[in-house]
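Below: the structure, in structure tokens.
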Amino acid sequence: MSAVTPVGREVGSGAAVLPEKVDDIEIAPESPSTESDAKLERTESNSSRVSFQQYIDLVFPRGWKLVLLWTSIALIAAFATSSFGKHTVVGLMAVINNIMSAVALPFLSKICDFASRPLALSVATLLFTLGYVVVAAAPTVVAVAAGEAIFTAGRTGIYQIMHILICDMTQLQWRGIVLGCYSLPWIMNGFLGAKITSAIRVTSSIDGETWRWGYGMFTIIIPVAIAPSILVMFWGHRRAKKLGALSLASSSYARRQALEGIEPPPKKAWWRRILDLWSDLDGFGLLLFGFALALLLCPPTLTTFAKGGYANPSLIAMYVVGGVLFIAFIIWDTIFAKSPIWAARLMNRTFLLCTAVDAFHFFSTGLHEAYYNSWVYIIKPTWSEYNYSTFSNIHNMGMCFFAVCAGVLMRFTHRYRYIQMSGLIIRLVGEGLNYYSLSNQSDVVLVMAKLMISCGAGFIITTTAVAAPASVPHKDMAGAMSILHMVAQLAGSIAGSISASIWNSNVPKNLEKYLPELSDSARAKVFGSVRLARRQEPHDMVVRAYTEAYRPMMIIAICTTGVALILSLFIKDMNLGRAHNDVERHKEVRMRTKSETDSEILREKVEAAEAQARTEVEAEEKRTTIQ
């Protein structure tokens, strides 16, 4: 039975500890615990039935359905808020969504670390479904925003857990291709999603309520699609646990227990277990973190609604309390937290710089993406629903295609740094072309700008997704990935807050400047609905008002991408070979042959490993005695 293992660490649904292999020379594990090693070894032939191939068969179809959902739903939020006459809330929603993601990611990664992968995936799926139910039945725009926040936490959680599973199973040299292939459904689903959006008439319905169907149908489709993956992972995890083996679904803590021979702790009272779990998850730190971010980042999006703008006492209080809570979070996580969100051992140059590059990339994206589709919808009234939906998906379709291209380049060059730098340069050129589109709004310019930005994004995201987790040991991988994604979400949240502040400040002023013949209430209605803005006359003045409001966001986006390019010059390159990560080069990921899982062969290898371990322990004891 074939399976994948970082040389004897994890195999399919179960794991076995074989002697680790470096240059075809077999050596014993670094920290031998021969009894547990032998136990795991003996169970491999029985526990590897749910293999790597079966996990791939489960992961990739679910990815296809998730992408179909996102390509269909991505455009609907603007029309959902417009149906309540509150299109300006889009910026606030972007900020809240990113904050929820930033808080949920470390929470779910800690569930992966201390519980199991399938449990974390179950929690993420529950959040995902609950959020869509809330939005589909939303009676007010507040309910839409709340549902979107819950859904976003679940969606980003599912993405992160799938990312963790892929990294668990792949060599560095193949990881970029596999991650890229996981995103390939974007290419086909970009067109299918446009068909769905067009079919339910989101952009042109008279009553403005058909957007609910878009959310409602996926509350059924996604749980049904993901349920088989969760059930099989739970089954494999339970089976491996009974056999005393590890599984790809096992938590990082369970792996350390088994592989380092740590005895399981004695059973505690239920309330004590809850307190321990709360401590392990750093629940108090996450609460401080979430409330601090919400209070610091939401005020810029509320200035349009708050009397007196930034001088409003409520907004000032939000800033003050948010600042105090953020300082409290830093003190708590640095001094008191048992399991801090950002562990000090992750502070290496590659990880920090990759995280910074990713943050600036997401900041740049967040600045112009929050209102970009709304702007295009207004300036292109002649486009059909299908054309508009297809154009809106170009970025994601192109990004996923070029992500595979980046993966192929990494596979054959075994390097990532120059590919990452090339992506930043291409994105910078694309953003320059995007700025040019403000004065030349032809279809060709808009499409070319989108394609170049998507190409750069595909290169940047793939190289960072491979390099950052590869710069830390396997035991820290889930935590490192949560930090990588969390910082990116925070950057996007800050960018969304800034873009909302610019949009909510500039658009009303420009509408007053270019449409003086309209009353204040009429201009407010235009500002509150993209449908009304699209058909408002004189349309050239409406386009001018929105375009001038959008210009500052593009300028800032270009500058932040330039900063990311400068940072990439100082990143350390690494060899992308057969190893699982760049720190533990001796841990290789390879497919096991049938002969390697034969019980007799395994028994011989266990005996050899035990003998070698005993020899090393005896030699170490002799050296200690002599000293």
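From the backbone N, Cα and C atoms, a Cβ is placed for every residue, glycine too.
TrEMBL annotations: computationally assigned, not manually curated.
Keep in mind it's a predicted model, so treat the numbers as computed, not measured.
Per TrEMBL, transmembrane segment is recorded for 66-84, 90-108, 120-146, 213-235, 277-296, 316-337, 349-368, 388-409, 444-468, 480-503, 549-571. Here TrEMBL flags 592-623 as coiled coil.
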Contact between the transmembrane segment (444-468) and the transmembrane segment (349-368) (at least 3 Cβ pairs under 8 Å, separation 6+):
yes
Report the listed stretch (120-146, 316-337, 388-409, 480-503) having the maximum count of Cβ pairs within less than 8 Å of the transmembrane segment (90-108).
480-503
Could you check whether the transmembrane segment (277-296) packs against the transmembrane segment (120-146) - three or more CB pairs closer than 8 Å, residues at least 6 apart in sequence?
no
Who are the chain neighbours of the transmembrane segment (120-146) in space, where the CB to CB distance is under 8 Å and they lie at least 6 residues beyond its ends?
77, 80-81, 84, 86, 89, 92-93, 96, 104, 108-109, 111-112, 152-155, 157-158, 161, 212, 215-216, 218-219, 222-223, 226, 229-230, 233
Outside the transmembrane segment (480-503), six or more residues from its ends: residues with CB under 8 Å to it:
88, 90-92, 94-95, 97-99, 101-102, 105-106, 108-110, 156, 159-160, 163-164, 167, 293, 297-298, 300-301, 303, 341-342, 346, 351, 354-355, 358-368, 370-371, 464-465, 468-469, 471-472, 549-550, 552-553, 556
Compute the average pLDDT of the predicted model within the coiled coil (592-623).
69
